[in-house]
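> One structure coming up, written as structure tokens, with questions to follow.
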Protein chains: 2
Amino acid sequence: MASAEYRELLERVREIGTLEQAAGILTWDERTCMPPGSAPDRAKQHAVMSGIIHERLTSKEMGRLIRALKKQELSVDGAVILRETERKWRLASAVPGDLVKEASRAQSEAMNAWVKARAGSDFGMLEPLLDKVIGLRFEIAEHIGYEDTLYDALLDEYEPYAKSKDIDAVFSRLKKKLIPIASKILNEPCLDGAVPKGTYPVEAQGAFVAGLAADMGFDLNRGRIDVSAHPFTSGACRDVRITVRYNEADPSYVVFPAMHEAGHALYEQGFLEKYYGTPLAEGVSMGIHESQSRLWENMVGRSEAFWSFYYPKFRQAYPAFKKMSPGAFYRHVNAVKRSYIRTDADEVTYNLHIMLRYDVERALFENKIKTPDIPSYWNELFEKYLGIPVTDDASGCLQDIHWSGGNFGYFPTYTLGNLYAAQFWHAAKSQVPGLEDSIAAGDTGALLGWLRKNVHRHGKRYGAATLVKKATGEALNEDYFVRYIKEKYGKLYGISL
Amino acid sequence: MASAEYRELLERVREIGTLEQAAGILTWDERTCMPPGSAPDRAKQHAVMSGIIHERLTSKEMGRLIRALKKQELSVDGAVILRETERKWRLASAVPGDLVKEASRAQSEAMNAWVKARAGSDFGMLEPLLDKVIGLRFEIAEHIGYEDTLYDALLDEYEPYAKSKDIDAVFSRLKKKLIPIASKILNEPCLDGAVPKGTYPVEAQGAFVAGLAADMGFDLNRGRIDVSAHPFTSGACRDVRITVRYNEADPSYVVFPAMHEAGHALYEQGFLEKYYGTPLAEGVSMGIHESQSRLWENMVGRSEAFWSFYYPKFRQAYPAFKKMSPGAFYRHVNAVKRSYIRTDADEVTYNLHIMLRYDVERALFENKIKTPDIPSYWNELFEKYLGIPVTDDASGCLQDIHWSGGNFGYFPTYTLGNLYAAQFWHAAKSQVPGLEDSIAAGDTGALLGWLRKNVHRHGKRYGAATLVKKATGEALNEDYFVRYIKEKYGKLYGISL
């Protein structure tokens with residue numbers, strides 16, 4: 001039987017989990033429903049809620065329980081909950097409250113300045129404020145602590161237990177292989193054709209998306225689909241919500257954000273109920289979470305197998321597409337184009353955009369470049385990776401809000417997600433005979449079953465490295481992604497990659 | 001300059017206010033957006049949030065600050081904030097936590113049983129559970145304390161500072177005057193005619209309602225309008241939200257819940273920003289809040305003056321109504337009908353439904369009747385007040401959920417609201433020359449201005465009795481309501497009342 005201390009820890013962990021869920025609803029509401037004029041009230045609500053969560057997480061009692069339980073023999077589940085709670089407690093306790101507040105204020109100022117700097121395409125307008133944000137990140141990282149390099153302390157917030165020396169190795173191999181592939185494809189004539197002209201009402205698109213998400217296994221009795229400027233997934237346990245954005249001129253547009261967010265949502269809905277409110281019902285890392293969204297968006301959603309079943313349904317919803325052949329549609333949703341903007345990038349070039357950002361972050365936190373050097377370093381790398389010169393800051397280093405918000409260490413998880421996704425996809429296909437055939441027959445249940453069993457149900461039981469090894473029999477290997485790209489786009493373009 | 005203790009109290013009051021706002025968003029979400037399957041999670045979130053609010057309200061520190069400040073000389077505002085905070089603190093501290101939890105559990109069981117009992121029209125199915133709820137209310141009232149009669153302790157939760165002996169006097173005079181008036185009207189042939197047959201799409205009705213609410217002065221930059229099964233108003237400060245319900249066969253249906261809820265919302269939006277998060281930016285009582293909704297719904301929304309301007313707009317939105325004359329429409333929205341169901345009742349008979357409930361509550365908490373006597377006592381009073389015999393419990397004492405939820409003392413605030421509304425309406429017309437003419441010209445701004453100045457901006461500065469006296473020059477007097485009914489319906493029916 002569990003000790004009194006363990007039961008008390010669990011109760012406190014679940015209370016914090018419940019408060020985080022409540023705060024999550026406030027965030028969802030802010031991005032979908034909140035009247036614009038009430039932003040100041042919501043900011044106060046967030047501040048009070050975060051304060052209470054922090055106060056409860058770092059309470060003396062919590063420290064006492066953690067210390068006591070480290071001397072006890074716990075169940076396998078109990079040991080995971082203790083490990084992850086201690087991790088969270090340590091991170092929350094490490095950074096002095098005043099520093100957290102100072103960083104929060106500086107980030108808020110930098111994010112406001114970023115809006116103007118981007119509009120004016122002038123990095124100089126942001127530079128002093130961004131420099132302050134970066135300086136505070138150095139301080140925060142020192143408080144958190146690290147073994148090899150300071151950047152690991154930042155990375156750890158988004159990709160727990162990951163080390164930048166491992167990511168360096170993977171990314172440098174990936175770059176070597178991917179840059180020539182992307183370059184070859186980009187030198188081919190673009191295969192994209194126009195979709196049938198028309199206005200496709202949002203209501204019909206909404207119904208289509210709801211049907212698609214339900215077909216994927218998204219439980220709408222425990223979830224919702226709404227609209228927001230930037231699609232996102234939020235919620236937990238029995239209340240997981242996704243948002244999408246529609247394009248009235250092209251109903252294929254929403255399919256990919258919808259499958260992406262539904263992929264995140266399936267992960268959240270795949271945790272076991274008995275663990276709700278504990279780390280055993282939380283995603284491993286940003287990278288693993290992103291692997292779930294990208295697997296559905298790209299490996300499934302941009303595949304010939306999927307559309308061989310789904311394109312007739314799509315045409316039924318949008319009869320004008322009878323004018324567009326299945327082949328033309330498949331090429332349309334897989335168009336590769338040179339782009340300055342990360343969020344517009346296709347699956348071939350996307351990781352080059354990410355690795356560029358990672359290189360800038362690594363250089364900054366190794367003191368190899370300083371804040372004022374960001375634009376020139378960015379532009380140099382961009383031309384190297386994507387083959388075209390950056391013409392202005394707005395299309396260059398000012399395009400993302402992440403850095404102004406202090407989110408250093410976040411970007412690499414996007415590419416990790418793509419690599420995990422390709423490796424999971426390969427493993428699922430090897431382990432489940434006829435997987436692609438069943439998708440082509442309109443049934444994604446076998447894939448979901450594999451993900452449930454090998455990824456979802458574990459929650460934070462394993463770190464990302466262990467999870468990948470257990471699920472695929474191998475450590476993270478960028479070759480699965482490279483091979484996926486080579487095969488798919490080689491066939492699509494009729495070239496050897 | 002305010003003392004350190006006062007500043008600390010204010011900070012704590014505002015933190016509690018912010019938490020209450022956050023909890024309010026969760027409630028709004030539950031009733032408009034929440035996926036049905038996530039009810040268990042939401043229940044936990046509510047429990048944790050209430051627990052934290054209670055913990056902060058009843059903390060030792062709060063008691064110390066209140067005691068210290070009672071010895072200090074405070075500003076006028078400060079004295080109100082202290083008075084109302086002490087009141088809230090005293091009520092929260094008075095009832096032992098275990099009793100609150102027991103009552104909450106018993107109410108939850110009774111509400112579940114009520115659903116079945118009402119469906120089966122069998123009071124016996126609810127009786128033992130309702131008896132438990134009532135017993136616990138006796139206990140709770142003893143903990144809260146009272147001077148004259150135990151019922152006052154219950155009433156105080158909804159109508160602070162009110163005494164049942166005063167309400168007894170007002171209601172007994174009102175009954176004497178109203179029963180014969182209602183009886184006379186109900187004996188006349190019903191004036192209601194059918195609306196033009198058709199399906200009036202919800203989207204068009206939504207646009208009409210949004211325009212109407214905006215015309216009334218509802219600031220949609222700091223508010224929203226949504227749909228829910230039972231219309232309600234929620235939110236505070238810069239985020240006030242109302243809900244409505246549509247009838248696709250009759251677009252006049254939604255006008256009244258919309259004006260009712262917008263009336264509540266205008267009150268909330270009429271508090272002064274500098275007081276946000278304190279009792280000076282909260283409604284005086286349920287009765288005063290209801291006066292604001294009923295004044296807009298009935299005195300404005302069911303008046304000839306209002307529709308002389310608004311009916312052409314209504315017909316523009318719903319051209320089929322060109323077949324219904326302004327007179328027929330006015331009679332339609334003012335139809336008086338005998339009804340068993342309170343929520344279907346018109347403004348003439350509504351208060352009879354309420355006073356019946358008040359009489360049952362008073363008898364219960366004076367130990368004049370016991371729980372099993374409720375149906376027979378209800379039926380006896382119903383025939384006396386409304387002139388028809390009750391045929392079954394579902395149309396009788398089982399129709400409302402309030403008692404199963406432990407909400408004794410709530411019902412009388414509905415009639416108090418109607419009486420306050422009539423008295424405010426009379427005062428506004430006397431003090432603002434040409435008020436009805438301006439409404440007939442499409443401008444409700446002068447009325448809103450009067451309400452802002454005389455009611456809204458004061459928040460909880462005065463109790464209801466003082467507020468009514470200050471705004472109208474007189475204590476609560478049921479004759480304003482009686483005269484309003486006599487004049488309006490005498491003219492409508494062409495009879496002397």
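We count from 1, first residue shown onward.
Glycine residues also receive a Cβ, built from the backbone N, Cα and C atoms like all the rest.
A TrEMBL annotation is a machine prediction, not a hand-curated record.
Keep in mind the model is a prediction, meaning the values are calculated, not measured.
Quick paste from TrEMBL:
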- B:HIS260, B:HIS264, B:GLU290: Zn(2+) binding site (BINDING)
- B:GLU261: active site, proton donor/acceptor (ACT_SITE)
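A description of the local structural setting of each listed feature is requested, covering burial, neighbours and distances.
Counting every protein chain shown, 24 other Cβ atoms lie within 10 Å of the Cβ of B:HIS260 (Zn(2+) binding site).
In three-state terms derived from DSSP, B:GLU261 (active site, proton donor/acceptor) belongs to a helical segment. Neighbour density for B:GLU261 (active site, proton donor/acceptor): within 10 A of its CB lie 26 other CB atoms from the protein chains shown.
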> What's the number of neighbouring CB atoms sitting within 10 A of the CB on B:GLU290 (Zn(2+) binding site)?
26
> Could you tally the C-beta atoms, other than its own, that fall within 10 angstroms of the C-beta of B:HIS264 (Zn(2+) binding site)?
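By my count, 23.
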> Determine which residues of this chain, when B:HIS260, B:HIS264, B:GLU290 are set aside, have a Cβ within 8 Å of the centroid of the Zn(2+) site's Cβ atoms, and list them as they appear in the sequence.
B:THR233, B:GLU261, B:GLY263, B:HIS289, B:GLN292, B:SER293, B:ARG294, B:TRP296, B:GLU297, B:GLY417
> Could you tell me the C-alpha distance between B:GLU261 (active site, proton donor/acceptor) and B:GLU290 (Zn(2+) binding site) in angstrom, no decimals?
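Answer for this pair: 9 Å between alpha carbons.
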